Amino acid sequence: MNTNIERTEPRSGSIWEIFRVALRLGLTSFGGPVAHLGYFRAEYVERRQWLNDRAYAELVSLCQLLPGPASSQVGIAIGMLRGGWLGGLAAWSGFTLPSALALAALAFVLEETGSADGSWAKWLLLVAVAVVAQAVQGMARTLAPERKTGTVALAAAVASLLWPSAWMQLIVLSVAAIVGLLLFHRAGQAGDLSSPLPSPVSARAAVWLLGLFTLLLIGLPFAAAVMDNKWVQLADIFYRAGSLVFGGGHVVLPMLEPAMAEQAWMSGDRFMAGYGAAQAVPGPLFTISAYIGMAADGWLGALIALLAMFLPSFLLVGGALPFWNAIRGQARLQAALTGVNAAVVGILLAALYNPVFTGAVHNEFDLCVVLAAYALLVLWKVPAWLLAGAALAAGIATTWWM
């Protein structure tokens with residue numbers, strides 16, 4: 001047995017307790033990953049004192065470096081520190097299931113009621129334009145605030161617009177990491193190497209986890225190409241998305257949309273409608289995988305897509321924790337990440353234009369609705385979930401009326 005698990009300081013709770021606390025967060029955590037991290041700190045650090053501020057900050061820093069849903073990864077890591085692998089699974093389940101079930105149920109209802117054409121979702125599509133625009137603005141302010149990072153972001157946007165594909169995004173991110181090493185090495189900040197973060201995983205187990213992560217990332221595309229099987233195709237698409245997306249849930253949009261068009265599982269309008277609906281539910285935006293999986297192959301498809309999307313997070317968190325104390329102060333890593341984060345802004349900017357804007361805005365009235373929604377989000381600080389919920393209700397009411 002792994003002796004590191006036994007000396008993890010926060011571990012002392014039951015699996016049910018971990019699940020119950022995470023479920024409450026999954027039912028109430030609106031506002032996106034940044035807001036989620038605030039809710040997590042209030043619950044896990046201040047209220048329950050499962051870990052201290054230093055350990056929490058370390059976990060957040062680690063998960064920001066990893067691809068995938070950062071807030072979900074922080075929750076998984078806290079669950080692992082509290083109760084081992086079962087604790088991590090309990091924390092993920094509680095936080096993820098509410099929004100996953102809601103979005104899968106929405107897709108199911110649309111299929112059963114014959115509303116799958118997306119006519120009900122016009123208002124959601126327009127709100128989604130404003131939400132993505134707000135995300136681009138906020139991420140640019142944080143991740144590309146000056147001349148060099150802004151140039152990297154714009155170059156990434158140009159490349160993504162001229163050669164739109166999931167593979168081009170990987171090339172853009174790889175080039176951005178190299179550019180980051182060249183341009184931002186001096187800006188890398190060494191971390192405080194005192195008080196190492198405890199790990200529930202041994203170094204040997206971590207190597208196996210990272211090896212499995214890599215094997216699946218390489219092997220699933222080959223399996224999907226050889227096997228004419230929808231389940232394998234679902235697993236491949238969502239595993240790659242969960243493995244390669246940096247910058248939060250909004251960035252999953254440009255990676256999944258081309259795949260949906262290629263597989264013909266749903267129209268672009270319906271995909272964007274699901275994205276808009278995901279703004280109206282609490283929890284991680286990555287649970288849009290359940291919505292798409294339901295449209296592709298029913299409840300089993302929803303389950304496969306959801307698990308494939310989040311499996312990389314388990315493998316990466318478990319694989320990275322034992323090595324975090326050694327790499328957290330590496331200036332080169334921070335420099336490469338600076339370049340990658342700037343490129344993420346550019347990729348999302350390209351997605352804002354196509355397919356988000358071009359797919360939703362068709363006339364002057366549509367543009368006015370987008371501008372009004374953007375003003376409510378940015379100037380009046382109306383929560384995105386409230387605006388998306390109102391848009392969903394308006395769309396359904398309009399469809400029934402007509």
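Keep in mind that glycine also has a Cβ here, set from the backbone N, Cα and C atoms.
Tertiary neighbourhood of the transmembrane segment (21-39): same-chain residues 48, 60, 69-71, 74-75, 79, 90-99, 135, 248-249, 282-285, 383-385, selected by CB-CB distance under 8 Å and a gap of 6+ residues from either end. Summarising the annotation, TrEMBL assigns transmembrane segment to 21-39 (among others).
What TrEMBL records for 85-108 (among others) is transmembrane segment.
TrEMBL lists 120-140 (among others) with the feature transmembrane segment. The list of residues near the transmembrane segment (120-140) in space but at least 6 beyond its ends in sequence, with Cβ under 8 angstroms from a Cβ of it, reads 32, 110, 150, 153, 247-248, 250, 253, 269-270, 272-273, 275-277, 279, 344-345, 348-349, 351-352, 356-357, 359-361, 366, 369-371, 373-374, 376-378, 384, 387-388, 391-392, 394-396, 398-399.
Beyond the transmembrane segment (152-185), the same-chain residues lying 6 or more positions past its ends with a Cβ under 8 Å from any Cβ of the stretch are 140, 143-144, 240, 244, 246, 254-255, 258-259, 331-332, 334-340, 342-347, 349-351, 353-354. Taken from TrEMBL, the feature transmembrane segment covers 152-185 (among others).
Among the features that TrEMBL reports, transmembrane segment is placed at 205-225 (among others). Long-range Cβ contacts of the transmembrane segment (205-225) within its own chain (Cβ-Cβ under 8 Å, at least 6 residues beyond either end) map to 2, 199, 232-233, 235-237, 239-240, 243, 311-312, 315-316, 318-323.
Beyond the ends of the transmembrane segment (237-256), by six or more residues, the same chain brings 32-33, 67-70, 131-132, 135, 139, 143, 160, 164, 166, 169-170, 173, 213, 216-217, 220-221, 224, 263, 271, 275, 278, 284-286, 288-289, 292-293, 304-306, 308-313, 316, 340-341, 344-345, 347-348, 350-351, 356 to within a C-beta distance below 8 angstroms of the stretch. As annotated by TrEMBL, transmembrane segment applies to 237-256 (among others).
The transmembrane segment annotation in TrEMBL covers 299-323 (among others).
Taken from TrEMBL, the feature transmembrane segment covers 335-353 (among others).
Look at TrEMBL and you will find 373-401 (among others) tagged as transmembrane segment.
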Long-range Cβ neighbours of the transmembrane segment (335-353) (under 8 Å; 6 or more residues past either end):
65, 129, 132-133, 135-136, 139-140, 143-144, 149-150, 152-161, 164, 169, 172-173, 175-181, 183-188, 246-247, 250-251, 253-254, 257
Close approaches to the transmembrane segment (299-323) from elsewhere in its chain (Cβ under 8 angstroms; 6 or more beyond its ends):
4, 62-63, 65-69, 72-73, 76-77, 80, 85, 88-89, 92, 96, 100, 104, 107-108, 197, 199-203, 205-207, 209-210, 212-213, 216-217, 230-231, 234-239, 241-243, 286-287, 289-293
